[in-house]
């Protein structure tokens with residue numbers, strides 16, 4: 001933003017938020033005047049130009065990657081990511097139209113493009129920075145709705161509502177930034193090589209409140225409420241899951257007789273509810289919203305760290321001359337605000353595996369893996385297999401691929417993950433009628449996890465007298481280095497009648513493993 005509040009840095013103005021004094025660029029025997037250009041320090045100009053040029057280039061490339069990541073990946077086209085794209089567009093516009101001229105001003109020490117372009121440039125500066133702040137404000141409201149109303153979020157925040165919110169962001173930003181172009185400013189200096197800031201007191205108050213302090217208050221209130229709601233909801237959902245597990249209403253592995261399965265299914269239809277409780281569904285959806293809130297909380301936190309020093313130094317230096325910081329400190333403060341434009345493209349891939357994969361695919365490093373994931377998403381199920389665990393097997397965990405199953409960006413359908421194949425041992429197939437098995441894999445399961453059926457009643461401590469089923473979750477058979485039976489093993493995919501979510505049922509008997 002253009003520091004329209006600055007009344008203390010006014011001697012020879014670069015058009016950005018801090019004023020640069022001409023005597024900083026003149027020799028010891030030279031004086032600044034309207035007719036004399038400052039002497040250029042070539043060494044300093046080259047070093048400053050290289051540093052600022054690299055910074056601007058990084059901001060441009062990073063924000064382009066953010067925009068392309070959402071545009072080229074259908075599963076990233078969510079309302080929350082629309083706000084992220086809007087933030088990237090504002091930062092990209094700032095990097096293209098404002099930062100190069102700010103860097104030129106730093107290198108040369110005076111404005112070279114005339115009075116009219118100075119006014120336009122300053123207005124675009126305010127426009128882009130205000131749009132960034134208001135986008136973060138919209139993101140904080142979106143995250144509060146996502147955490148507070150996680151199940152109703154898709155109906156409360158639709159694509160149409162998100163687009164209307166983005167249009168409102170740019171309209172408000174235009175209203176705040178256009179004032180000086182319409183004459184709401186003090187008289188311009190006589191020297192066109194000075195690009196001063198607007199010191200008109202009422203516009204200074206209006207722009208500072210609308211561009212930073214009011215949106216900042218909304219952001220802080222929303223994220224405080226997100227923290228309170230997340231803490232309370234997590235506690236309640238975890239308590240509900242523990243209660244249902246203790247009542248044996250929610251089992252991740254159920255082995256039962258065919259008659260019992262049919263009776264349970266018929267009673268479930270009669271009662272009109274699903275034995276798989278909605279508590280797990282709520283917990284899974286809420287965990288996704290909370291994870292997104294954490295990532296965007298980092299974005300907001302870095303924004304505050306970058307811009308707050310400037311908005312503290314600017315009004316204090318304007319109102320109280322004794323509190324005015326040195327020119328070198330003031331330059332660092334306002335360029336720290338500009339530095340925020342290249343931070344977000346670093347935060348997203350570090351905090352989100354989905355954005356990291358999208359960045360890598362755009363850069364051409366994982367195109368083949370991207371095709372595999374897209375094909376699996378079209379099939380609607382993850383190709384994970386299980387095998388019986390036999391006597392003498394060591395209780396080890398194996399990670400068959402680097403991507404953990406808790407990533408919501410791939411191989412996810414609804415609220416459960418499915419295990420589409422079974423591989424019984426040859427010796428077990430000839431045993432005759434065996435109970436069917438029904439498997440429901442939840443996102444918390446990891447490749448290599450060991451799943452065991454509790455001991456049958458009345459046989460506690462007698463592991464050799466009853467069929468103790470133990471299974472090991474293997475990795476994706478399509479992934480390199482993964483082993484597993486990829487045949488369907490007589491399994492069929494069914495649908496959860498209550499929730500409309502894909503489930504999995506297998507009538508293929510599995511081999512018991514004895515320790």
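Residue numbers in this text run from 1 along the chain shown.
Each Cβ is built from the backbone N, Cα and C atoms, and glycine gets one as well.
Here Swiss-Prot flags 410-424 (among others) as compositional bias 'Polar residues'.
For 484-498 (among others), the entry in Swiss-Prot reads compositional bias 'Polar residues'.
In the three-state DSSP scheme, residue 195 (disulfide bond) is classed as coil. As annotated by Swiss-Prot, disulfide bond applies to 118-195, with the evidence given as sequence analysis.
Annotation comment: Swiss-Prot describes 10 (among others) as N-linked glycosylation site.
Taken from Swiss-Prot, the feature N-linked glycosylation site covers 24 (among others), and the record attributes it to sequence analysis.
If you look up Swiss-Prot, you'll see 34 (among others) marked as N-linked glycosylation site, on the strength of sequence analysis.
Among the features that Swiss-Prot reports, S-palmitoyl cysteine is placed at 365, with the record citing sequence analysis.
Feature annotation from Swiss-Prot assigns phosphothreonine to 264; the stated evidence is similarity to another entry.
According to Swiss-Prot, the feature region 'Disordered' maps to 392-430 (among others).
Among the features that Swiss-Prot reports, region 'Disordered' is placed at 474-515 (among others).
Under the heading motif 'Nuclear localization signal', Swiss-Prot lists 368-378, citing similarity to another entry as support.
Marked as topological domain 'Cytoplasmic' by Swiss-Prot: 71-83 (among others). Taking the topological domain 'Cytoplasmic' (71-83) as a whole, pLDDT averages 88 in the prediction.
The topological domain 'Cytoplasmic' annotation in Swiss-Prot covers 142-161 (among others), and the record cites similarity to another entry as its basis.
Positions annotated as topological domain 'Cytoplasmic' by Swiss-Prot: 225-295 (among others).
What Swiss-Prot lists as topological domain 'Cytoplasmic' is 352-515 (among others).
The feature transmembrane segment is assigned by Swiss-Prot to 46-70 (among others).
With pairs at least 6 apart in sequence, the transmembrane segment (46-70) and the transmembrane segment (327-351) have 3 or more Cβ pairs within the 8 Å limit; the two touch.
In the three-state DSSP classification, residue 118 (disulfide bond) falls within a helix. Beyond its flanks by at least six residues, the transmembrane segment (162-182) meets 4, 79, 82-83, 86, 119-120, 122-124, 126-128, 130-131, 134-135, 138, 142, 198, 203, 206-207, 210-211 of its own chain at Cβ-Cβ distances under 8 Å. Counting every protein chain shown, the Cβ of residue 195 (disulfide bond) has 29 other Cβ atoms within 10 Å. Most Cβ pairs under 8 A with the transmembrane segment (84-105) among the ranges 46-70, 202-224, 296-319 are made by 46-70.
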